[in-house]
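These features come from TrEMBL:
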- 12-31: transmembrane segment (TRANSMEM)
- 43-66: transmembrane segment (TRANSMEM)
- 78-99: transmembrane segment (TRANSMEM)
- 103-361: domain 'NADH:quinone oxidoreductase/Mrp antiporter transmembrane' (DOMAIN)
- 105-125: transmembrane segment (TRANSMEM)
- 137-157: transmembrane segment (TRANSMEM)
- 169-186: transmembrane segment (TRANSMEM)
- 207-225: transmembrane segment (TRANSMEM)
- 231-253: transmembrane segment (TRANSMEM)
- 260-278: transmembrane segment (TRANSMEM)
- 365-386: transmembrane segment (TRANSMEM)
- 406-430: transmembrane segment (TRANSMEM)
- 526-550: transmembrane segment (TRANSMEM)
Amino acid sequence: MKSHLHYVSNLFLLLGVVVFGLTGNSFMFSWNVADLGSCSLDLLVLVDWVSLTFFFTLSIIVSCVLKFSSIYMENEKFFLRFHFLVYSFVFSMFCLIFFPHFFFLLVGWDGLGITSFLLVIYYLSSSSWAAGMKTYLINRLGDGLFLVALGLLLIQGHWDINGIANNQVYWGFILVLVLGCFTKSAQFPFSSWLPAAMAAPTPVSSLVHSSTLVTAGIYLLIRFSSIIPNWMFFFIGVMGLWTLYGASLAACFECDAKKIVAYSTLSQLGFMVVSISSGLENFAFFHLITHAMFKAMMFICVGYFMVNNNHFQDFRSLSGMWKCSPFVSISLVVSGLSLIGFPFMSGFFSKELVLESNLFCVNEVFFNLLLLSLPLTSFYASRLIFQLFNGNGYNVFSRCNDNSTVLMSLIPLYLGSILIGSLGSSFFLSNSFLYPSSYFKLFVNFLIFSGVSWAWIGVNNNSPSFNWFYSEILYTSPFNGNFWVDGISDLGEDINYLFDQGSLSNFIFNMDFGILKAGGWVSNMYYYFLSPSVGLYIILGFLVLSLSWYI
């Protein structure tokens, strides 16, 4: 009965998406809740094609994830509690999507942080508690920033974001709003909680990484992009590029299957943020929808292989498992190809629109760096796919097969990952003028297939030269987390020693020591950037930039 209600509600939502998308109409409903002095607290509900499309995508994913959770968590003692937390999670996202009023938007924003913490610590282990606290604290930072934004609105005597005046309060409000969105969408420097959130059950990860928690910040950036000043878009783009490259490089060297998918989410979020910074909010929203579909399917496929492999998460254990579960394997391949941007997949259409539109943008640096990220994305996605088909047999401890319940949860996402791209591109292209050259398309495909080829060599070749290059990148890349964590930790230790344990008598000594340590840190950076692997990447980057200039 519940599944039938899900299907009926999804049909009504689809009808609303079609009607509002074709007509371009939007409705705003308002109810006066209370009058607090000079401020009127009104419950506003915004219904337009953006909110309906996003909630329709969320509804489909929730239906599929809950169906998959009946297999993944069939032996759980508190299964009803898990369902209650998931529905609370979805309700918080509902408030965020349909309530433009900042007070009620804060209810959904705070609800996402609390329910995500409860879902991450679901297993109540020490590692789950540590991951949950990291997720909770960083998200509470975003909640605090939103409370500051709410206070800045109250200074002007209202809670309407569109009515804020262009003054000092406006600049402060925009800054804390953008930083708050960065915490939820795990943009640099708030990215550490997203891989840690993998301690949650895989169905929760599928929701978090596709259409709920991490997409909330992106959705708000898209909604409020019209009030963000132009000078701040450069800052947003730089943070997005840093997140894109850092997550892509981390995914290239990760062996945990869930974390590979998590880093891929982080890299695509960075891709969307760069798109928003280039003024391509609609195309970023299109990629948000397509990404939600294939990323939810990817998590379900990986989770199904895990649950049938005694929850072993090393992606090398997937070797040969396509023989015992062909449809799930095909679904994983389709989701991986969509992530790469393979032609005629949904990810291809959304990524292509962003790249083609950036041809006409003023900032050529962002455009060239977006192009340079394509081989990295295709490398880590192909690496996961090739490992699935690598080997003649499968793990003797696995007991997987194409379960009918899993098939029912994958089919809607499978169709969405193939069809939504072509259907949506015709809608978004109707309002744009894009005529890219065939040379540009060939160059993009060349970058994609270069990453695929490199992944194929990595999976099937154990030559010493390849292994040397692979390990050299891993341990000398400045994107390695330990590089920055150690530096910040040393800096914090020096500050603590100077101001907390020190005195005026040793102030000069500590200053000299700090300068020497900073000099050592700079020399280490010099070594990292001049190491053979990173140097080769710099050379390749200059070659690509020069080649793209002539194309």
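The first residue you see is number 1, and the count goes up from there.
Placed from the backbone N, Cα and C atoms, the Cβ positions cover glycine too.
Unlike curated records, TrEMBL annotations are generated automatically.
Counted over residue pairs separated by six or more positions, the transmembrane segment (406-430) shares at least 3 Cβ pairs under 8 angstroms with the transmembrane segment (43-66), which defines the two as touching. Only residues 6 or more beyond the boundaries of the transmembrane segment (365-386), in the same chain, are considered here, and those with a CB under 8 A from a CB of the stretch are 237, 241, 244-245, 248-249, 251-252, 254, 257, 260-261, 263-264, 267, 271, 274, 277-278, 315, 318, 332-333, 336-337, 339-341, 354-355, 358-359, 443-444, 447-452, 454-456, 458-460, 541, 544-545, 548. Beyond the ends of the transmembrane segment (78-99), by six or more residues, the same chain brings 43-47, 51, 54-55, 58, 62, 65-66, 69, 105, 107-112, 115-116, 118-119, 122, 201, 203-204, 207, 211-213, 216, 219-220 to within a C-beta distance below 8 angstroms of the stretch.
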